[in-house]
Amino acid sequence: MNGGPSGFNNAPVARAFVIACGLFTIVFGIQGRSNRLGLSYQDIFQKLQLWKLIVSGFAFSSTPELIFGLYLMYYFRVFERQIGSNKYSVFVLFSVIVSLLFQVLALALLKDPNLSALTSGPYGVIFSSFVPFYLDIPVSTRFRVFGLRFSDKSFIYLAGLQLLLSSWKRSILPGICGILAGSLYRLNFLRIRKLKFPDFIASFFPRLSWPSMGSIVPAAQSRNVPRNIPSYTGRRGNYPAPPTSSTVEPSEDSIATLVSMGFERNSARQALVHARNDVNAATNILLEAQSH
(Lines of atoms letter the chains of each structure in order from A; the text may use other names.)
(Lines give C-alpha, C1' and ligand atoms only; values in the text may rest on other atoms or scores of the structure.)
Protein backbone atom coordinates (compact mmCIF):
# COMPACT_ATOMS: atom_id res chain seq x y z
CA MET A 1 0.00 0.00 0.00
CA ASN A 2 1.94 3.00 -1.25
CA GLY A 3 -0.66 5.69 -1.81
CA GLY A 4 -0.65 5.36 -5.59
CA PRO A 5 2.02 5.85 -8.22
CA SER A 6 5.42 7.02 -7.05
CA GLY A 7 6.19 10.70 -6.94
CA PHE A 8 4.06 13.73 -6.17
CA ASN A 9 1.97 13.87 -9.33
CA ASN A 10 -1.22 15.85 -8.66
CA ALA A 11 0.03 16.61 -5.13
CA PRO A 12 2.07 19.85 -5.28
CA VAL A 13 1.03 21.03 -1.80
CA ALA A 14 2.10 17.76 -0.18
CA ARG A 15 5.41 17.95 -2.02
CA ALA A 16 6.06 21.54 -0.89
CA PHE A 17 5.22 20.64 2.70
CA VAL A 18 7.52 17.58 2.69
CA ILE A 19 10.39 19.62 1.24
CA ALA A 20 9.84 22.42 3.77
CA CYS A 21 9.88 19.99 6.70
CA GLY A 22 13.02 18.30 5.40
CA LEU A 23 14.85 21.61 4.92
CA PHE A 24 13.83 22.98 8.33
CA THR A 25 14.98 19.78 10.02
CA ILE A 26 18.33 19.76 8.21
CA VAL A 27 19.05 23.45 8.83
CA PHE A 28 18.30 23.34 12.54
CA GLY A 29 19.99 19.95 12.85
CA ILE A 30 23.23 21.36 11.42
CA GLN A 31 22.99 24.21 13.93
CA GLY A 32 22.49 21.70 16.75
CA ARG A 33 19.18 23.26 17.77
CA SER A 34 16.74 20.57 16.68
CA ASN A 35 16.24 19.29 20.24
CA ARG A 36 15.28 22.75 21.49
CA LEU A 37 12.52 23.59 19.03
CA GLY A 38 9.62 21.96 20.87
CA LEU A 39 7.03 23.95 22.80
CA SER A 40 7.23 24.26 26.59
CA TYR A 41 5.39 26.25 29.24
CA GLN A 42 8.49 28.24 30.07
CA ASP A 43 9.28 29.15 26.45
CA ILE A 44 5.74 30.20 25.53
CA PHE A 45 4.37 31.80 28.68
CA GLN A 46 7.51 33.09 30.40
CA LYS A 47 10.11 33.75 27.71
CA LEU A 48 7.46 34.53 25.05
CA GLN A 49 9.41 32.73 22.34
CA LEU A 50 6.43 32.79 20.00
CA TRP A 51 8.62 32.05 16.96
CA LYS A 52 8.63 28.44 18.14
CA LEU A 53 4.94 28.20 17.31
CA ILE A 54 5.91 28.32 13.62
CA VAL A 55 9.20 26.44 13.62
CA SER A 56 7.96 23.61 15.82
CA GLY A 57 5.34 22.77 13.20
CA PHE A 58 7.95 22.02 10.52
CA ALA A 59 11.26 20.78 11.95
CA PHE A 60 11.54 17.28 13.40
CA SER A 61 13.67 16.91 16.51
CA SER A 62 15.50 13.72 15.50
CA THR A 63 16.46 11.67 12.45
CA PRO A 64 14.17 8.66 13.22
CA GLU A 65 11.20 11.03 13.58
CA LEU A 66 12.16 12.66 10.28
CA ILE A 67 12.25 9.29 8.48
CA PHE A 68 8.89 8.06 9.77
CA GLY A 69 7.32 11.51 9.47
CA LEU A 70 8.32 12.03 5.84
CA TYR A 71 7.21 8.50 4.98
CA LEU A 72 3.74 9.16 6.40
CA MET A 73 3.43 12.58 4.75
CA TYR A 74 4.50 11.03 1.46
CA TYR A 75 1.81 8.38 1.74
CA PHE A 76 -0.91 10.82 2.82
CA ARG A 77 -0.42 12.78 -0.41
CA VAL A 78 -3.26 10.54 -1.62
CA PHE A 79 -5.72 12.85 0.15
CA GLU A 80 -4.61 15.83 -1.92
CA ARG A 81 -5.27 13.81 -5.05
CA GLN A 82 -8.68 12.95 -3.67
CA ILE A 83 -9.97 16.37 -2.56
CA GLY A 84 -7.78 18.67 -4.67
CA SER A 85 -4.88 20.98 -3.83
CA ASN A 86 -7.09 23.89 -2.76
CA LYS A 87 -9.08 22.00 -0.14
CA TYR A 88 -6.01 20.05 0.93
CA SER A 89 -4.22 23.34 1.64
CA VAL A 90 -7.13 24.35 3.85
CA PHE A 91 -6.87 20.99 5.62
CA VAL A 92 -3.13 21.45 6.21
CA LEU A 93 -3.52 25.02 7.51
CA PHE A 94 -6.44 24.06 9.75
CA SER A 95 -4.56 21.04 11.16
CA VAL A 96 -1.42 23.06 11.90
CA ILE A 97 -3.24 25.94 13.61
CA VAL A 98 -5.74 23.88 15.61
CA SER A 99 -3.19 21.32 16.79
CA LEU A 100 -0.86 24.12 17.93
CA LEU A 101 -3.73 25.76 19.82
CA PHE A 102 -4.47 22.46 21.56
CA GLN A 103 -0.80 22.07 22.50
CA VAL A 104 -0.60 25.61 23.92
CA LEU A 105 -3.84 25.04 25.82
CA ALA A 106 -2.49 21.79 27.28
CA LEU A 107 0.72 23.52 28.39
CA ALA A 108 -1.33 26.32 29.97
CA LEU A 109 -3.49 23.85 31.88
CA LEU A 110 -0.51 21.83 33.13
CA LYS A 111 1.38 24.98 34.20
CA ASP A 112 4.53 23.02 34.91
CA PRO A 113 7.72 25.00 34.16
CA ASN A 114 9.76 21.85 34.70
CA LEU A 115 7.88 19.89 32.06
CA SER A 116 10.16 18.85 29.21
CA ALA A 117 9.51 20.56 25.91
CA LEU A 118 7.16 18.79 23.54
CA THR A 119 8.75 17.22 20.51
CA SER A 120 8.70 19.32 17.35
CA GLY A 121 7.51 18.42 13.87
CA PRO A 122 4.34 18.47 11.74
CA TYR A 123 2.50 16.16 14.11
CA GLY A 124 -0.71 18.11 13.54
CA VAL A 125 -0.88 17.39 9.81
CA ILE A 126 0.35 13.81 10.11
CA PHE A 127 -2.03 12.65 12.83
CA SER A 128 -4.93 14.68 11.44
CA SER A 129 -4.51 12.61 8.29
CA PHE A 130 -5.04 9.41 10.26
CA VAL A 131 -8.70 10.37 10.72
CA PRO A 132 -9.62 10.19 7.00
CA PHE A 133 -7.16 7.32 6.60
CA TYR A 134 -9.10 5.28 9.17
CA LEU A 135 -12.55 6.27 7.92
CA ASP A 136 -12.14 6.57 4.15
CA ILE A 137 -9.37 4.24 2.98
CA PRO A 138 -10.65 0.67 2.73
CA VAL A 139 -8.63 -2.46 3.37
CA SER A 140 -7.74 -4.12 0.08
CA THR A 141 -5.72 -7.13 1.30
CA ARG A 142 -5.42 -9.14 4.50
CA PHE A 143 -2.74 -11.62 5.51
CA ARG A 144 -1.36 -13.52 8.50
CA VAL A 145 2.10 -13.41 10.04
CA PHE A 146 2.85 -15.95 12.79
CA GLY A 147 -0.87 -16.37 13.33
CA LEU A 148 -1.55 -12.64 13.65
CA ARG A 149 -3.91 -10.95 11.21
CA PHE A 150 -2.68 -7.87 9.34
CA SER A 151 -3.91 -5.74 6.47
CA ASP A 152 -2.23 -3.48 3.96
CA LYS A 153 -3.13 -0.56 6.26
CA SER A 154 -1.22 -2.08 9.19
CA PHE A 155 2.14 -0.72 8.02
CA ILE A 156 0.83 2.85 8.06
CA TYR A 157 -0.58 2.37 11.55
CA LEU A 158 2.71 0.89 12.77
CA ALA A 159 4.67 3.83 11.34
CA GLY A 160 2.25 6.22 13.05
CA LEU A 161 2.57 4.36 16.35
CA GLN A 162 6.36 4.51 16.10
CA LEU A 163 6.20 8.26 15.53
CA LEU A 164 3.66 8.75 18.32
CA LEU A 165 5.83 6.93 20.85
CA SER A 166 9.19 8.18 19.53
CA SER A 167 9.70 10.57 22.46
CA TRP A 168 7.11 9.06 24.78
CA LYS A 169 5.21 11.82 26.65
CA ARG A 170 6.82 14.56 24.58
CA SER A 171 5.44 13.12 21.34
CA ILE A 172 2.15 11.61 22.55
CA LEU A 173 0.60 15.00 23.36
CA PRO A 174 1.29 16.56 19.90
CA GLY A 175 -0.03 13.37 18.28
CA ILE A 176 -3.27 13.49 20.27
CA CYS A 177 -3.68 17.18 19.43
CA GLY A 178 -3.30 16.31 15.76
CA ILE A 179 -5.99 13.63 16.00
CA LEU A 180 -8.32 16.12 17.69
CA ALA A 181 -7.67 18.65 14.91
CA GLY A 182 -8.42 16.01 12.27
CA SER A 183 -11.62 15.05 14.08
CA LEU A 184 -12.81 18.67 14.11
CA TYR A 185 -12.13 18.92 10.38
CA ARG A 186 -14.03 15.70 9.82
CA LEU A 187 -16.97 17.06 11.84
CA ASN A 188 -16.94 20.12 9.58
CA PHE A 189 -16.27 22.49 12.48
CA LEU A 190 -17.20 26.03 11.41
CA ARG A 191 -18.02 24.51 7.99
CA ILE A 192 -14.29 24.22 7.36
CA ARG A 193 -14.68 21.44 4.78
CA LYS A 194 -16.51 23.81 2.44
CA LEU A 195 -13.87 26.51 2.72
CA LYS A 196 -11.63 27.23 -0.27
CA PHE A 197 -8.90 29.73 -0.93
CA PRO A 198 -9.66 32.57 -3.40
CA ASP A 199 -8.82 31.97 -7.04
CA PHE A 200 -5.75 34.21 -7.01
CA ILE A 201 -4.28 32.11 -4.20
CA ALA A 202 -5.42 28.79 -5.65
CA SER A 203 -3.71 29.64 -8.94
CA PHE A 204 -0.39 29.46 -7.09
CA PHE A 205 -0.79 25.74 -6.35
CA PRO A 206 0.02 24.43 -9.85
CA ARG A 207 3.23 26.47 -9.79
CA LEU A 208 4.44 24.36 -6.87
CA SER A 209 4.63 21.40 -9.22
CA TRP A 210 7.43 20.44 -11.60
CA PRO A 211 7.92 17.55 -14.00
CA SER A 212 8.44 14.20 -12.30
CA MET A 213 8.18 10.51 -13.02
CA GLY A 214 4.74 8.97 -12.98
CA SER A 215 1.35 9.62 -14.46
CA ILE A 216 1.14 12.87 -16.40
CA VAL A 217 -1.85 13.53 -18.63
CA PRO A 218 -0.74 15.15 -21.90
CA ALA A 219 -1.82 18.76 -22.22
CA ALA A 220 -3.47 18.17 -25.58
CA GLN A 221 -5.47 15.32 -24.11
CA SER A 222 -6.54 17.28 -21.02
CA ARG A 223 -7.88 20.05 -23.22
CA ASN A 224 -10.28 17.55 -24.76
CA VAL A 225 -11.96 16.66 -21.46
CA PRO A 226 -15.70 17.16 -21.92
CA ARG A 227 -17.30 19.85 -19.81
CA ASN A 228 -20.46 17.90 -19.11
CA ILE A 229 -19.25 14.76 -17.38
CA PRO A 230 -21.90 12.00 -17.16
CA SER A 231 -23.26 11.32 -13.68
CA TYR A 232 -23.39 7.90 -12.06
CA THR A 233 -26.39 6.24 -10.50
CA GLY A 234 -24.69 3.79 -8.19
CA ARG A 235 -21.93 3.95 -5.64
CA ARG A 236 -19.59 1.75 -7.64
CA GLY A 237 -20.34 0.57 -11.15
CA ASN A 238 -23.56 1.05 -13.13
CA TYR A 239 -21.95 3.38 -15.65
CA PRO A 240 -23.60 4.23 -18.95
CA ALA A 241 -21.47 3.14 -21.86
CA PRO A 242 -19.44 6.02 -23.30
CA PRO A 243 -19.58 6.79 -27.00
CA THR A 244 -17.30 4.42 -28.87
CA SER A 245 -15.86 7.16 -31.05
CA SER A 246 -14.58 9.16 -28.05
CA THR A 247 -13.35 6.28 -25.91
CA VAL A 248 -9.84 6.79 -24.53
CA GLU A 249 -8.18 3.79 -22.93
CA PRO A 250 -6.99 4.85 -19.42
CA SER A 251 -3.36 4.45 -18.45
CA GLU A 252 -2.41 1.96 -15.77
CA ASP A 253 -0.88 4.73 -13.63
CA SER A 254 -4.15 6.66 -13.64
CA ILE A 255 -6.12 3.57 -12.68
CA ALA A 256 -3.63 2.82 -9.90
CA THR A 257 -4.02 6.36 -8.56
CA LEU A 258 -7.79 5.97 -8.21
CA VAL A 259 -7.50 2.44 -6.80
CA SER A 260 -5.13 3.78 -4.13
CA MET A 261 -7.90 6.19 -3.07
CA GLY A 262 -10.17 3.25 -2.32
CA PHE A 263 -12.17 2.94 -5.54
CA GLU A 264 -12.70 -0.38 -7.28
CA ARG A 265 -10.58 -0.98 -10.34
CA ASN A 266 -13.47 -1.43 -12.77
CA SER A 267 -15.23 1.69 -11.46
CA ALA A 268 -11.99 3.66 -11.71
CA ARG A 269 -11.44 2.52 -15.29
CA GLN A 270 -14.97 3.43 -16.35
CA ALA A 271 -14.68 6.87 -14.73
CA LEU A 272 -11.37 7.49 -16.49
CA VAL A 273 -12.92 6.48 -19.81
CA HIS A 274 -15.66 9.08 -19.35
CA ALA A 275 -13.13 11.67 -18.16
CA ARG A 276 -10.76 10.80 -21.01
CA ASN A 277 -7.96 9.80 -18.63
CA ASP A 278 -8.18 13.00 -16.55
CA VAL A 279 -7.57 11.81 -12.98
CA ASN A 280 -9.09 14.86 -11.28
CA ALA A 281 -12.26 14.71 -13.36
CA ALA A 282 -12.55 10.96 -12.79
CA THR A 283 -12.15 11.45 -9.04
CA ASN A 284 -14.98 13.97 -9.04
CA ILE A 285 -17.16 11.52 -10.94
CA LEU A 286 -16.52 8.73 -8.44
CA LEU A 287 -17.01 10.95 -5.40
CA GLU A 288 -20.25 12.27 -6.84
CA ALA A 289 -21.41 8.71 -7.43
CA GLN A 290 -20.67 7.80 -3.82
CA SER A 291 -22.74 10.73 -2.54
CA HIS A 292 -25.93 9.42 -4.22
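Heads up, the Cβ atoms here are built off N, Cα and C, so glycines get one too.
The transmembrane segment annotation in TrEMBL covers 12-30 (among others).
The transmembrane segment annotation in TrEMBL covers 50-76 (among others).
Annotated transmembrane segment per TrEMBL: 88-110 (among others), in sequence order.
Positions annotated as transmembrane segment by TrEMBL: 155-185 (among others).
Summarising the annotation, TrEMBL assigns region 'Disordered' to 231-250.
Confidence in the domain 'UBA' (249-289), given as mean pLDDT, stands at 80. The annotation domain 'UBA' is assigned in TrEMBL to 249-289.
With a cut-off of 8 Å between Cβ atoms, the residues of this chain six or more beyond the transmembrane segment (50-76) that come close are 1-3, 14, 17-18, 20-22, 24-25, 27-29, 34-35, 37-39, 43-44, 96, 100, 104, 118-122, 124-126, 129, 133, 156, 159-160, 162-163, 166-167, 171. Beyond the ends of the transmembrane segment (88-110), by six or more residues, the same chain brings 11, 13-14, 17, 39-41, 44-45, 53, 56-57, 79-80, 118, 122-125, 127-129, 173-174, 176-178, 180-182, 184-185, 192, 195-197, 205 to within a C-beta distance below 8 angstroms of the stretch.
Residues 37, 55, 58-60, 63, 66, 69-70, 73-74, 76-77, 80, 85, 88-89, 92, 121-122, 125, 205-209 of the same chain, all 6+ positions outside the transmembrane segment (12-30), place their C-beta atoms under 8 angstroms from a C-beta of that stretch. Among residues of the same chain six or more beyond the transmembrane segment (155-185), those with a C-beta under 8 A of the stretch's C-beta atoms are 1, 38, 61-62, 64-65, 68-69, 71-72, 75, 91, 94-95, 98-100, 102-103, 106, 116-119, 121, 123-133, 192-193.
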